[in-house]
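> Mind looking over this structure? Questions follow.
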Amino acid sequence: WWNFGSLLGICLMTQILTGLLLAAHYTADTTLAFSSVAHTCRDVQYGWLIRNLHANGASFFFICIYLHIGRGLYYGSYLYKETWNTGVILLLTLMATAFVGYVLPWGQMSFWGATVITNLFSAIPYIGQTIVEWAWGGFSVDNPTLTRFFTLHFLLPFMIAGLTIIHLTFLHESGSNNPLGISSNCDKIPFHPYFSLKDILGFTLMFLPLMTLALFAPNLLGDPENFTPANPLVTPPHIKPEWYFLFAYAILRSIPNKLGGVLALAA
């Protein structure tokens with residue numbers, strides 16, 4: 001229950017490693033992006049495994065972060081204001097990273113997801129439309145959008161790593177929380193071998209279901225629509241995000257007014 005911080009660290013390391021390997025074979029161009037992902041899966045040694053681990057690793061990242069936040073809420077970790085606030089920034093940065101990453105394969109749901117979510121900024125009075133066109137780099141989601149999304153997806157994980165160090169620095173100021181909410185000083189034990197072995201056990205227990213998912217049901221959490229290359233002329237019957245954003249999308253769609261939905265989501 002107290003392990004999810006270390007699991008998030010290993011998730012981040014795994015995602016950066018698999019992501020760098022994928023970036024080596026990816027082409028950030030609307031005409032080539034979809035083909036380059038297919039090429040990675042078909043022709044690159046273990047490319048299919050790297051892609052499956054990266055896609056499902058994102059799901060595990062969100063499972064761990066939601067449990068980590070849930071535990072923090074239950075045990076009052078929000079009282080450590082600096083640690084909590086850096087954690088909130090980390091969550092938002094992670095969501096931004098996952099969103100721009102989902103656009104990169106340039107499948108149908110990638111394209112339409114990018115169109116729908118970036119369009120939300122147009123709900124801002126006066127400057128909204130200008131912001132959207134500035135983000136797109138034109139009058140629709142196109143090549144400039146994909147290029148800048150790839151840049152952001154490459155950059156943001158390193159920003160997350162930096163924020164994680166700040167998060168841990170603030171945590172070390174107060175010491176770790178515990179179920180009783182009292183000082184942990186009297187319970188301090190050597191990091192090695194106790195915590196190191198505990199973390200290795202946690203990593204093993206997380207990698208087992210991740211590998212099972214990546215090897216036996218790699219597309220279980222994905223959208224079949226994304227196996228179709230992006231087509232700006234055909235809207236998918238249901239535009240929906242990955243499971244880890246469904247709560248946000250539900251808030252957004254629960255109010256029948258664009259600005260109202262955006263405000264509810266922001267709140």
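Using the three backbone atoms N, Cα and C, a Cβ is placed for every residue, glycine included.
These numbers come from a predicted model, not from an experiment.
Sharing the features that Swiss-Prot gives for it:
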- 4-24: transmembrane segment (TRANSMEM)
- 48-69: transmembrane segment (TRANSMEM)
- His54, His153: heme b b562 binding site (BINDING)
- His68, His167: heme b b566 binding site (BINDING)
- 84-104: transmembrane segment (TRANSMEM)
- 149-169: transmembrane segment (TRANSMEM)
- His172: ubiquinone binding site (BINDING)
- 197-217: transmembrane segment (TRANSMEM)
- 259-267: transmembrane segment (TRANSMEM)
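I'd like these features described in context: how deep, what's nearby, how far apart.
Nonlocal intrachain contacts for the transmembrane segment (4-24), taken as residues 6+ away from its ends with a CB within less than 8 angstroms of a stretch CB, comprise 40, 50-51, 53-54, 57-58, 60-61, 64-65, 67-68, 71, 153-154, 157-158, 160-161, 164, 199, 202-203, 206.
In the three-state DSSP assignment, the secondary structure recorded for His153 (heme b b562 binding site) is helix.
Taking Cβ-Cβ distances under 8 Å and a sequence separation of 6 or more, the neighbours of His68 (heme b b566 binding site) in its chain are Phe4, Gly5, Leu8.
Listed by sequence, the residues of this chain that lie at least six past the ends of the transmembrane segment (84-104) yet keep a Cβ under 8 A from its Cβ atoms are 26, 28, 33, 37, 58, 61-62, 65, 69, 72, 77-78, 110-111, 113-114, 117, 145-146, 149-150, 152-153, 156-157, 159-160, 163-164, 166-167, 170, 241-242, 244-245, 248.
His172 (ubiquinone binding site) falls within a helix when secondary structure is assigned with DSSP. When Cβ atoms from all protein chains are considered, those within 10 Å of His172 (ubiquinone binding site) total 10, not counting its own.
Within the chain carrying the transmembrane segment (197-217), a Cβ under 8 angstroms from the stretch's Cβ atoms is held by residues 3, 6-7, 10-11, 49, 52-53, 56-57, 59-60, 64, all 6 or more beyond its ends.
Outside the transmembrane segment (259-267), and at least 6 residues removed from its termini, the chain residues within Cβ reach (under 8 Å) are 120, 123-125, 248, 251-253.
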> Given a Cβ distance threshold of under 8 angstroms, which distant residues of the chain, six or more beyond its ends, lie next to the transmembrane segment (149-169)?
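Contacts with the transmembrane segment (149-169): 8-9, 12, 15-16, 19, 23, 26, 28, 83, 86-87, 89-90, 93-94, 96-97, 100-101, 103-104, 114.
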> Taking DSSP as the reference, which of helix, strand or coil describes His68 (heme b b566 binding site)?
helix
> Roughly how many angstrom lie between the C-alpha atoms of His172 (ubiquinone binding site) and His153 (heme b b562 binding site)?
29
